[in-house]
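Report on the following structure.
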Ligand SMILES: Nc1nc2c(ncn2[C@@H]2O[C@H](COP(=O)(O)OP(=O)(O)OP(=O)(O)O)[C@@H](O)[C@H]2O)c(=O)[nH]1
Ligand SMILES: [Mg+2]
């Protein structure tokens, strides 16, 4: 029987924000609807349509859609297809918008107005918004919205999306219904509607040139400051030095700045555990609270400061406009392994989390490049690995400093580089093995103006990350550490037991069974169970280890510091082998689900799991064997 899908369309008036990439659509969307979608200073920050609600003065609400940026209405990449499908009314589960807000970067009218012409031909009521009016004014651009409106036959307003109230004129237009359709303008009629893509773009280009000339807006106003900064940042050898220095600073900071807040959180959870032990009677639920919840969740929570420091830098880089420059600098290296600089931003997003990174591959027009990028995205070190890395580093790498350089920070940077090297190695192999991989694809990427990130957006971004992390600790990690405690505590040891009680528990049994597989890597049974539970989410392994060792210690059970405990129990070779495992292992279900969704099948996720397992096993095996020789 043929499958039939019925889409239920939500009711209500629908307005969509459309525009070139990076013109400020999402910033406006957030302002209009009070949402907190990701705003970033590079093309392709939004790759999926997002909905919000704008309350109207009459009590009703408008449905507002934020769309991925488009260069034209001839989509080339997946994110452009998402936007164009909405505009043409072919988006699954969504009706055609009732009106459009066409956002134009006021500092780049030439490109923005070409899209306005195409959008006007869609025949929907449309408001043209000249956003970034503050930057345009700063550069001495004088645009008369009234004259432009006359010329376009559409209403035109200005906006500043990064200022509270900077959307006032848009609201005013949206609140005044019914919206009028645009007026036909004779000068804009560039040839018949049925022109082919290339001819249509050429014709629109000519119309826009003519229009700008008539309005005295055709002189190019260069962004002097950005150009000056770029002279250093994109310099063939100064550029890479700056890039390395930036990365270096980030990893040093993750260790150096986090010490005080981490100690604070640790002492809080320890004190809480001690107080609970004193206050509550000795019962199974006290053990659950102390050895399960406090040890497990506290063990993960302590890494919040490091995660926030990492995100502070990621947000700074995203908002400043440096990222596309880094992509540009790395294009040659990426070309060497059969990818283009286009893959850089999706890969870089994967350092936060592979899931948005895999979504961001939608901006890569070439399908082969897109699939390879998805395949290697999980090797980039996501923030969930950070707790595992820093735990093992603080257990096994001495906190030594050489003239201001922290050894631990260097090792952390090394782990990140190992992940990158692994990903590049896989891409290089695929380039050698496939014909498509050997074709070179030039990088076309715009370099946005540098911006100062606003304190508000930084604070908001950090708060969002903190919230995501805390929610994870409060849900997945909580559930799995409770599961771990149950596994580690039951069944109780028989009366005539010789070994420690935990050896008889389910965790002990499962761990010993798995150990057959992991013993060649130097992993003991505790690590083996922790890895099993850690398949769901990486940090769970830490909570699981904390719980197992808390149950083992069972000394009335304050949440003892995990790192010194591990240093005492494991050999250096085991600790390092576990680090090597973590660089490559496929320990995240959501990543695999994302690869499935974005690639449209199970083949790619299956390949990902298999190659990652093979890499992880070999890397851990070699590390353990080599270090054991010492
Ligand atoms: N100064 C200034 N900056 C703005 C304004 N609007 C947006 N920005 C900045 O421009 C950058 C891009 O904003 P976004 O809202 O992410 O742009 P977008 O159109 O959604 O981009 P894509 O999702 O990539 O298509 C961000 O760094 C914003 O902070 C504005 O009116 N003035
Ligand atoms: Mg956006």
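Placed from the backbone N, Cα and C atoms, the Cβ positions cover glycine too.
Predicted, not measured: the structure shown is a model, and the values here were computed from it.
For the domain 'FeoB-type G' (12-180), the mean pLDDT of the prediction comes to 94. Marked as domain 'FeoB-type G' by TrEMBL: 12-180.
Sequence annotations record features per position, and here TrEMBL assigns transmembrane segment to 237-258 (among others).
The transmembrane segment annotation in TrEMBL covers 293-317 (among others).
Annotation source TrEMBL lists transmembrane segment at 337-359 (among others).
Per TrEMBL, transmembrane segment is recorded for 371-397 (among others).
Long-range contacts of the transmembrane segment (409-430) within the same chain: residues 247-248, 251-252, 254-256, 333, 336-339, 347, 351, 372, 375-377, 379-381, 389-390, 393, 397, 437, 579-580, 583-584, 611, 615, each at least 6 residues beyond the stretch ends and with a Cβ under 8 Å from a Cβ of the stretch. TrEMBL lists 409-430 (among others) with the feature transmembrane segment.
The transmembrane segment feature in TrEMBL is assigned to 473-493 (among others). Remote same-chain partners of the transmembrane segment (473-493), defined as residues 6 or more beyond its termini with a Cβ less than 8 Å from a stretch Cβ, comprise 284, 287-288, 291-293, 295-297, 300-301, 499-508, 510, 529-530, 533, 536-537, 539-540, 543-544, 546-548, 551.
For 513-533 (among others), the entry in TrEMBL reads transmembrane segment.
The transmembrane segment annotation in TrEMBL covers 540-566 (among others).
TrEMBL lists 572-595 (among others) with the feature transmembrane segment. Long-range Cβ contacts of the transmembrane segment (572-595) within its own chain (Cβ-Cβ under 8 Å, at least 6 residues beyond either end) map to 354-355, 358-359, 374-375, 377-379, 381-382, 384-385, 388-389, 392-393, 395-396, 415, 418-419, 422, 521-524, 527, 531, 534-538, 541, 566, 604-605, 608-609, 612-613, 615-617, 619-624, 627-628, 630.
Positions annotated as transmembrane segment by TrEMBL: 607-627 (among others).
Counting residues 6+ beyond its ends, the transmembrane segment (293-317) has Cβ neighbours under 8 Å at 246, 249-250, 253-255, 257-258, 261-262, 265-266, 269-270, 272-273, 276, 323, 326, 351-352, 383, 386-387, 390-391, 453, 457-458, 461-462, 465-466, 469-470, 473-474, 477-478, 481-482, 484-485, 539-540, 542-547, 549-550, 557, 559-560, 562 in the same chain.
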